[in-house]
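Q: Below you'll find the structure I mean.
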Amino acid sequence: MWHIFSMQDNVSCHFYLLQIIAIFAFATTTSSSSSSSFHIKCQNDTQQGPFEFTWQYPFRLEDSHFKFTQCNGTQFNTHPYGDYSAPSQFFVFVGVMAFLYCIGAVILYVCFDDHYRKFDKIPMFDFVATCVFVLLWLISSSAWATGVADIKLYTNPLEFQVDIVPECRNNQCVVDKHGNYASLNVSIIFGYLNMCVWAANLWFLYKETKWFKVATEHPDTSPSDIPQKV
């Protein structure tokens, strides 16, 4: 039954799959938002708070200002540490570009299959472009995984409160709510999944290139078929 499906059908199916998981990768990143909160038990048996701060894409934590009240009643504005917009936006950029490339590739396979077969440079370009996307997914996913780890650290009140909120040094700070990082974890998983699927697609694309066809060519005649001189 395998001969029923052409090589273009197999590649097109792979690109349809790549579109879906690319959407999941950047959608789970751009739609992510959460918040953390804590309160302070002062030494005079009073309580200040709770104090809540939120964050969302593109994760410029320094923009997540919140108002903090000291045990003596003094108020001031503070914020978590860090700006992780660069890795998050780069990750989303790779996902969007991969999605757009897949749309163009599917249109090429469906509407211009004769051109794809006629011009050897098109499959070769497709193969090289896919190699580039494999590398981009690896780099962006690794950078974003590091960024997510830092976001988890600097949005955890237990970690940043002593430095950002000096009042916690002499009083007891209690966390009321930790942030939800589920969608960020999922985005990392889809990032590496994209890398794996794009890498798996290389074999199908390579079989369409001139490099593969030249490597698999066999001479029309073998030495045994050549007449021997008497």
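The backbone N, Cα and C atoms fix where each Cβ goes, and this holds for glycine too.
Pulled these features from TrEMBL for this protein:
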DOMAIN    6-210  domain 'MARVEL'
TRANSMEM  12-29  transmembrane segment
TRANSMEM  90-112  transmembrane segment
TRANSMEM  124-145  transmembrane segment
TRANSMEM  186-206  transmembrane segment
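For each listed feature, how buried is it and what is near it?
A: Distant neighbours of the transmembrane segment (12-29): 57, 88, 91-92, 95-96, 98-99, 102-103, 105-106, 109-110, 144, 183-184, 186-187, 190-191, 193-194, 197-198, 200-201, 204; these residues of the same chain sit at least 6 beyond its ends, with a Cβ under 8 Å from one of its Cβ atoms.
Packing against the transmembrane segment (90-112) from elsewhere in the chain are residues 8, 11-12, 15-16, 18-19, 22-23, 25-26, 29-30, 57, 122, 126, 129, 133, 136-137, 140-141, 143-144, 187, 191, 194, 198: each is 6 or more residues past its ends and has a CB under 8 Å from a CB in it.
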